[in-house]
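Visitor: What follows is a structure written as structure tokens; I'll ask about it next.
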Amino acid sequence: QCNLTGWWENDLGSRMQVFKVGNDGTFCGEYHTAVSSAKKPIQPSPLIGSQHVDEDGQCTFGFTVNWKKFSDSTAVFVGQCFSGDGGKEVLHTSWLLREKVGSEPDDWKATR
């Protein structure tokens with residue numbers, strides 16, 4: 001069974017720590033991004049999420065990161081945990097990042 005609690009690192013060197021997963025699947029933690037286009041220095045950012053564990057122990061999950069400490073943006077991630085070779089857990093995710101724009105006509109460029 002996949003356990004999201006602990007430290008995770010991606011291919012770009014960003015890391016996240018999930019503090020604890022509750023019995024209802026909710027969790028919180030911190031995201032330490034290694035990449036940013038913000039002008040302010042990068043700082044750890046709070047994350048909050050939820051997971052769904054199936055009978056086979058695999059889980060899907062989603063979480064939101066609020067970059068409020070250094071950026072006017074919010075990101076959402078969705079993914080699945082897989083048990084790979086030797087029982088090593090691997091997360092595969094997709095994400096969307098929403099940046100604040102100054103006007104409605106600029107809405108088209110606000111989401112990556």
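Backbone N, Cα and C define each Cβ position, glycine as well.
Whatever TrEMBL says is automated annotation, not expert-curated.
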Visitor: So C81 is in a disulfide according to TrEMBL. Which of these is its partner: C2, C28?
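Guide: Of the listed candidates, TrEMBL names C2 as the partner.
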Visitor: Given the disulfide-bonded residues C2, C81, and counting only Cβ atoms in the protein chains shown, which has the most within 10 Å of its Cβ?
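Guide: Within the set of disulfide-bonded residues, the most crowded position is C81.
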